[in-house]
Every structure is written in structure tokens, then in C-alpha cells.
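What Swiss-Prot annotates here:
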type    : residues                                    : note
BINDING : SER11, ALA12, GLY13, ARG164, SER194, GLN289 : UDP-N-acetyl-alpha-D-glucosamine binding site
Amino acid sequence: MKKIVFTGGGSAGHVTPNLAIIPYLKEDNWDISYIGSHQGIEKTIIEKEDILYYSIASGKLRRYFDLKNIKDPFLVMKGVMDAYVRIRKLKPDVIFSKGGFVSVPVVIGGWLNRVPVLLHESDMTPGLANKIALRFASKIFVTFEEAAKHLPKEKVIYTGSPVREEVLKGNREKALAFLGFSRKKPVITIMGGSLGAKKINETVREALPELLRKYQIVHLCGRGNLDDSLQNKEGYRQFEYVHGELPDILAITDFVISRAGSNAIFEFLTLQKPMLLIPLSKFASRGDQILNAESFERQGYASVLYEEDVTVNSLIKHVEELSHNNEAYKTALKKYNGKEAIQTIIHHISEA
């Protein structure tokens, strides 16, 4: 029986692509383990999936000054030793890393044990963790074809993004019942990320009188961001977040308004949903969402509205443009084959 160790964490985006791949490896009888941090989100997610989970020490990798930068290198070193010992006991055939600060000790621990290491990078340019890990890896899979120019040619493989199978199996009838919507108006689903997005939430709510004339709205507004005054608004349903219902909601969705995190937008792409993307500004991030959004716009998958340009009028204008050019967006979206990503990655895992 072949063995694999997965790693990746710090945010859900560094875990969910692993969850897309794991079921296929289970079908092929791989022995699967996961190494992550003691208290990261990856621990909560993976333990629900009935996968052996091992914790190691980890320190955050920062690009800015913080007093914790003095302590964290020692935590990383401790994490490398933890990972080295654990990997030596597990004896995997390959390690697959999705990035995030916890992945660096695991990658180095694997390299020290002479285990082949494969990386996956979701964004247009590699994050700090993958930049460090790359020197210890044999291959790096990229989600965006343009990302290849930032990486060593001999290591890079373009795959697209692995998308969880359950996301593709939504039921429209269940969504209609859950939301209390009719079939008469198109549905817009608005997502601002797990914590929400204050400016998006406020602008959407200001624009509701105009939007609800033509559309029904599902608003995933983030923890603590519900507006009690809108709870019984006809054609408008708001949630802090949804879990099992999300595939059904996406099945009934005609257009998506969203941030431009790579994993989410590739799920929308695979589902062929035209998008209005409002990326995190470069002042609130390293600018990766802007690059992601602009790539999708160039390929005809999405329209981009920059956060500093978000107003009620600009939001309504962009929604109307999506609706007016719906067929053109659909034609572009059909060109993408999302199923190839998982099969390509599994092939290289098996060959490692």
C-alpha cells in the first residue's frame, strides 16, 4: 500500500484543495496522513474527514516587523524536528503540500528524509511559504497558467485548481426550498469571505431596493454581520456562512459577486458561473487577489470592480453588465475543463 502525507494550513484555502484530491486516493487504497499545526483551522477540518492527523510546532512567516518574529524561527526549527521524526515513522512515498506557514517544516522534514515533495500554488505568484518550500520540492503545480513565469521551468506543471466533488453536486430544488425563492427571477449569490467584507456588505444592502426589482439575493455576509432589519425581506436571504447548503445554493445561482480568492473563484469557474469579482485591495493583502481577478477578466470569465471604486451605482452597473453579456460569459466559461486538474495531480503523485 502506497503512503502519502498531506500538509497545508493557516486558512481554509490551504486545506480545501487537499480535500478535493484525497477521496480519489482513498479509492486507490492509499494510506493517507496529514501533518498540521496544533490549533490551526486545518486540524478542525481534517479531523472531520476521518484522516489521521499529526500536530507539529509551527511559527508564522511574516513579511513585516513583529516582536513574534524573534520567537517564531525557533518554533519553525522545532517544527522541522517534529516533522522529521513523524515522517521517519510514517515512511510515506510522497508528500503533497498546499502551502501556508505550517507546511514549511513538513516540506523540510520530508526532504531530510529523502521523500519526494510536491507543492501546489493557488495564486498567480507564490506565497512566502511556497517560495521557501520550492527549493526542497521536485515539482510545483500551479492554478494559473501565467504563474509559470514566476517559477523554475523544470519544476512547474500547470494543472488548474482541484475542486471538491461535492461542490459540483448541488440540487436546485433543495435550494429553492431552503431559500424560499421562486423560479421567476435570477439569483445572485454574494460572498465576502469567512469574515465578510464590510464595504461589500454595506453597499449591497444600500443597493437592495434596485437589485431586488430584477434579482433574488443570497448574501453570505460573514460572522457577526447579519442585519436584523432585513431578516424577512422578500427575495433576500442573509447568512453568516453556510456549510452543507452551499452546493445547492451555487446550483441555483446565476451570477456570483465575490472576493477573488483562488479556490473560490475556480469553484465558480468549474460550475460556469459568471462572476463580478471585488478583490482585496493591495493595502489589505499582498495583491494576489487583484492578479487573480484580472486574469479571470482577461479570459472572459468575470468582470472586476476594485474595492476603492465600489459604490451603489458602480455595483448596479456591473451587475447589469453581467446580465446583459451573460451568453458571452457562458461561452468563455465553457472552455475550462476543471476535471483535468485532479487527474493530472494524481498522476504525478503516483509517479513520484
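Each Cβ is built from the backbone N, Cα and C atoms, and glycine gets one as well.
Features recorded in Swiss-Prot, as mapped to the structure shown.
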residue: SER11; record: UDP-N-acetyl-alpha-D-glucosamine binding site; Cβ within 10 Å: 18
residue: ALA12; record: UDP-N-acetyl-alpha-D-glucosamine binding site; Cβ within 10 Å: 17
residue: GLY13; record: UDP-N-acetyl-alpha-D-glucosamine binding site; Cβ within 10 Å: 21
residue: ARG164; record: UDP-N-acetyl-alpha-D-glucosamine binding site; Cβ within 10 Å: 20
residue: GLN289; record: UDP-N-acetyl-alpha-D-glucosamine binding site; Cβ within 10 Å: 25
DSSP on ARG164 (UDP-N-acetyl-alpha-D-glucosamine binding site), three-state: which is it?
coil
